[in-house]
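Among the features that TrEMBL reports, transmembrane segment is placed at 15-39, 51-75, 95-113, 134-153, 191-216, 237-262, 268-291.
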Amino acid sequence: MECASDTSFLSSPDFLLLSCHILLFLDVPLFFYGAYCILFKTPYSMSSVKWLMFNLHIWSTILDLTLTLFGVPYILLPFPAGYGLGLIDAPEAMVYVGLIIVTAVDASIVLIYENRYFMLYARDSYWARVRKPCLAGIFIFTFCLCQPPFLLIPDQPTARKLVLDNLPCFQTFSFENREMFVLSTSWELPLIFLTVGFFILAPPFLSFFTLTFYHLMKSSTSVSFKTQKLQRQIIKALTLQSSFLIINILGPFFGIVITMILQYHHQGLNNLLFLVLSLHGIGSTIVLVLVHKPYREFTFYAICGRFKYPRCKQPRLFNSSFLAVRVTF
């Protein structure tokens, strides 16, 4: 195993705690603002996905609070082990809850994309008859994947010694009597479950995104210029939100997988991976406000300090009030 010794502040638990406290300070007001926009500023044209968007927003909020307040994972990759620095000193329970919440966030994202595809193009198709059992089967199977690793938890004192013996460069920090939790002494088993879960949830998301994109492009040749313009704006919104999803969710995921495969340990890199993941709530709320016209207009009205249409100039952002897609992981 390649192990990089690092005594910098970046690798310390103090850096992780400080960063999480700053993120928490930013998260809370943004989460409340995003929830307010969804509940009270969603127009009738988006009512069919209003509660799906709110459901995703709630799960994203819970995930961010788990990462930045209750759990605060200090992970010792490439081993599936680490310390919990949050308010709740129960790392095993927090890891389990965290996996369930990530699954719920992924499911919420898939449901929104599926809803857009179904409402726009598939109401009278074969998919309308099989969509509910298919979606339920995917999510139940993914949920079940979270269970086996916790049935194979090793003896903790022995596992802790094995992890520390294989991380000679790991610096000794003060963890305030917190004990290390080791999910598995083998990196292959968690990696298998992570990979299988990814290949179960990724195809539905990619399929609904691709189908919606295909139908938008296909129909643009036989509609008015105004509708074509709206369709192009929708495609831009989908591209922006999907790019944010890839960078913010898949980036840390692939970082974890590569670290495990290469058997490389650098604690500063581990801290950064989980901080990037913790940014998804803030980023997705900002994207939500900027991409959707009703929320964007309300935000600029509030900034201008008026309750009616202000005369201040708004930035030229694309209109996606027709699109009800909210991306966050």
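Every residue gets a Cβ built from N, Cα and C, even glycine.
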Positions whose Cβ lies under 8 angstroms from the transmembrane segment (15-39), at least six residues beyond its ends: 9, 50, 53-54, 57-58, 61, 64-65, 67-69, 72, 74, 85, 271, 274-275, 278-279, 281-282, 285-286, 288-289, 294-295, 298-299
Feature contact check the transmembrane segment (95-113) with the transmembrane segment (268-291), CB under 8 Å, 3 or more pairs: no
Residue numbers, six or more beyond the limits of the transmembrane segment (95-113), whose CB comes under 8 Å of its CB atoms: 49, 52-53, 55-56, 59-60, 62-63, 66-67, 71, 73, 135, 138-139, 142-143, 146, 150, 181, 183, 197, 201, 204-205, 208-209, 212, 245, 324-329
Recorded stretches the transmembrane segment (134-153) and the transmembrane segment (51-75) touching, at least 3 CB pairs under 8 Å: no
